[in-house]
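What TrEMBL records for this protein is below:
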type     : residues  : note
TRANSMEM : A:12-35   : transmembrane segment
TRANSMEM : A:42-62   : transmembrane segment
TRANSMEM : A:68-87   : transmembrane segment
TRANSMEM : A:99-118  : transmembrane segment
TRANSMEM : A:152-172 : transmembrane segment
TRANSMEM : A:201-222 : transmembrane segment
TRANSMEM : A:254-273 : transmembrane segment
TRANSMEM : A:279-297 : transmembrane segment
Amino acid sequence: MEYFLQQLINGVTLGSIYGLIAIGYTMVYGIVGMINFAHGDVFMVGAFMALIVYLALVAIGITFVPLALLVVLIVAMALTALYGWTVERIAYRPLRGSFRLAPLISAIGMSIFLQNYVQLAQGARVKPLPPVVPGGHQFGAAEGFVVNISNVQILIVVTTVALMAIFTVIVAKTSLGRAQRACEQDRKMASLLGVDVDRTISLTFVMGAALASVAGLMYLLYYGVVDFYIGFVAGVKAFTAAVLGGIGSLPGAMLGGLLIGLIETFWSAYFSVEYKDVAAFSILAIVLIFLPSGLLGRPEVEKV
Amino acid sequence: MPQTPAADAQASTEASFPAAVRDAAVAALIALGLSAPMMGLVPVQSPQGLVLEQRWAPVAIAVAVVFAGRLLLNLTLWRPGRVKRVGYVPPKLEAKLAGLARFLGPLAIAGAVAMPLLPFTERYAIDLGILVLTYVMLGWGLNIVVGLAGLLDLGYVAFYAVGAYSYALLAQYFGLSFWICLPLAGILAAFWGVILGFPVLRLRGDYLAIVTLAFGEIIRIVLLNWYWVTGGPNGISGIPRPSFFGIDFDRGPDGFAATFGLDYSPLHRILFLYYLILALALLTNFVTIRLRRLPIGRAWEALREDEIACRSLGINTVTTKLTAFAIGASFAGFAGSFFATRQGFISPESFVFMESAMILAIVVLGGMGSQFGVAIAAVVMIGGFELFREFSDYRMITFGLVMVLVMIWRPRGLVSSRSPSVFLKEKKAISGSLVQEGHG
């Protein structure tokens, strides 16, 4: 029971990180209808940005952790969003309306480019960061079992929930959100009615990249190491989460992220650590075959 | 790209110069924002933990390159008022290229056959030739799946791995020879192609790509962790070398050199490997060309163009897709067992996603469906990789960039003409960009 609860907490934490990345996939797929294969690498760039900004703050002398983290969050979001915007501008916008495989292949090229760019600029070795947010809480000592929740885990879950709430409001209430939903339904009609489609798509990429950078910061705080290769596996798993939750649906992405995080954690805890990626990838295949529209997604109608 | 309205188009180039500079400055500013933190500040390990090291020279270079490049483009290619040709190369040029391919094909084959025998060819060139031909073969194999049937497969390297491990394991545990294992490896890979193909039949385009990628990773992870069979990360070593239909390439009295009354030379085996892979690659090409004329090949191409139309015309999409997967996979299996016998050692390291991406890039950049384009792309990319060996740090980054740029420049690949396999009276090549592709 104790072990189960502990794994549950770890799974929820991991799932929050996947969920944040998954939102980027799901929003882009909803509007442009393409898999942003480079999104996992944008997440990796975000993790590096968080590390660099944090170290820069330490160098300046800002060591009060909550303030430092807040500044890191905002600056890293802005810098990574710039990457997201540039990727869309260079690799995807010229290919809009091109034949269907072109953007995906361009995205794969972009993913390879980003990985090697970061490797060249930052070196191939892992960057270990000592724990920034120390400490934690213990529960259940009276009942005779001990479950640990670290402060980092609380921070991750709370931040994720807060950001989810903010982004849900943006999509549901603001004019940008309305434009996004319009583009999702019918891009041509939306542009005829005065929605700036290019701008809306750009902003979608910016939002996705900003959330990915938050996920990167969380990853950095949770694991304490980053390297240039973390984006690939995390990206595929987050994509799995987006598909599981129903691609195009924001709450779906979050739900899918949580489920993938839990499945992965429990699989490692009860079966084997080596095959945890196989578990996540198999889920992807199984979901796509038996439940192609995901848990909360709308079924796709094929028009002839 | 500055999208100036038509009225501005009349404005002369001189008038737009300040605008061009301003635009380039904005681009440079963005480049500064992108590169300053990532390239300028590098966390390095020190006794006090990670500290930032400042490197501003690369940032300055990056910003300068972006500014100059953007300014140059603004003044030339993106000049306002310049009439832009829409996405395709003139059909005439396209047809000429296709016509050229007809002559160049046999010429290239003759060159490939003659290459190792030329007096000035060194051993290094033959080794490189073997490597290039392996990728040509893989490219042609994948071309069946991606180019002809239009099924985007990102896990092709899995079948390559199946072929390699089939030969290695069969040789290790059962002592079977290369010539028995070669067809077996092909059959096993085809079998896996069907197994993996079956669940993904209902998926389309992008989804299919991601699921095949996941399958490729699953196979690699299994190879990595199934210690007692595959040796895990240590791989399998001591894989038997190929024999000349039973005659070994060694110094002994029964060796190849002694049997044919030649002086022993280690070059014999290399030459044999070269011609073996050449023959295998040509076999792939021959089979593909022939298959295109069979009903199944035409069904593949129809499937690529429009799946719904296919179904309404009574084509069985299940068997059509599965045969494409199986046949494409079997060629990867052949190539895999060749790889195993050439290297003598295999490990999961050789079958990572990057390999799949590389083979896919060869197919896509060469022009999907074009045998000749794929061969050229393999030669250029693999050969280019070898030429730039000294700059190996910059190889992959260039590779990624080239993939993006070629997609923007020619989304259909370098040789994108579609020559019809069935025609009335006269065979006409059509530019790929004129073909509307359905969502298969």
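Keep in mind that glycine also has a Cβ here, set from the backbone N, Cα and C atoms.
TrEMBL does not curate its annotations; it predicts them automatically.
Help me picture where these features are in the structure shown.
Packing against the transmembrane segment (A:42-62) from elsewhere in the chain are residues 21, 24, 68-69, 71-73, 75-77, 79-80, 83-84, 87, 114-115, 118, 122, 127, 129, 132, 208-209, 212-217, 219-220, 226, 228-231, 234-235, 238: each is 6 or more residues past its ends and has a CB under 8 Å from a CB in it.
Counting residues 6+ beyond its ends, the transmembrane segment (A:68-87) has Cβ neighbours under 8 Å at 24, 38, 42, 45-46, 49-50, 53-54, 57-58, 62, 110, 114, 132-133, 155, 159, 202, 205-210, 212-214, 216-217 in the same chain.
When Cβ-Cβ distances below 8 Å are used as the criterion, the transmembrane segment (A:99-118) is approached by residues 32, 34-38, 40-42, 44-45, 48, 83, 87, 90-92, 228-229, 231-232, 235 of the same chain, each at least six residues removed from its ends.
Here the transmembrane segment (A:152-172) has long-range neighbours at 9-10, 12-13, 16-17, 19-20, 23, 69, 73, 131, 133, 136-137, 180-181, 207, 211, 214, 218, 221-222, 250-251, 254, meaning same-chain residues at least 6 beyond its ends whose C-beta is under 8 angstroms from one of its own.
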Short question: which residues 6 or more past the ends of the transmembrane segment (A:12-35) have a Cβ under 8 Å from it?
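Same-chain residues near the transmembrane segment (A:12-35) but 6 or more away: 42-43, 84, 92, 96, 103-104, 107, 152-153, 156-157, 160, 163-164, 167, 180, 183-184, 187, 200-201, 204-205, 207-209, 211-212, 214-215, 218-219, 222, 234-235, 237-239, 241-242, 245, 247-250, 252-262, 264-265.
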Could you pull out which residues elsewhere in the chain have a CB under 8 Å from any CB of the transmembrane segment (A:201-222), counting only those six or more residues past its ends?
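Here the qualifying positions are 13, 16-18, 20-21, 23-25, 27-28, 31-32, 36, 39, 42-51, 54, 69, 72-73, 76-81, 83-85, 87-89, 92-93, 129, 132-133, 152-153, 155-156, 159-160, 163, 167, 170, 176, 180, 183, 230, 234.
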Which bits of the chain, at least 6 residues beyond where the transmembrane segment (A:254-273) starts or stops, bring a Cβ under 8 A of a Cβ in it?
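Same-chain residues near the transmembrane segment (A:254-273) but 6 or more away: 3, 7-8, 10-23, 160, 164, 237-238, 240-246, 279-280, 283, 294-296.
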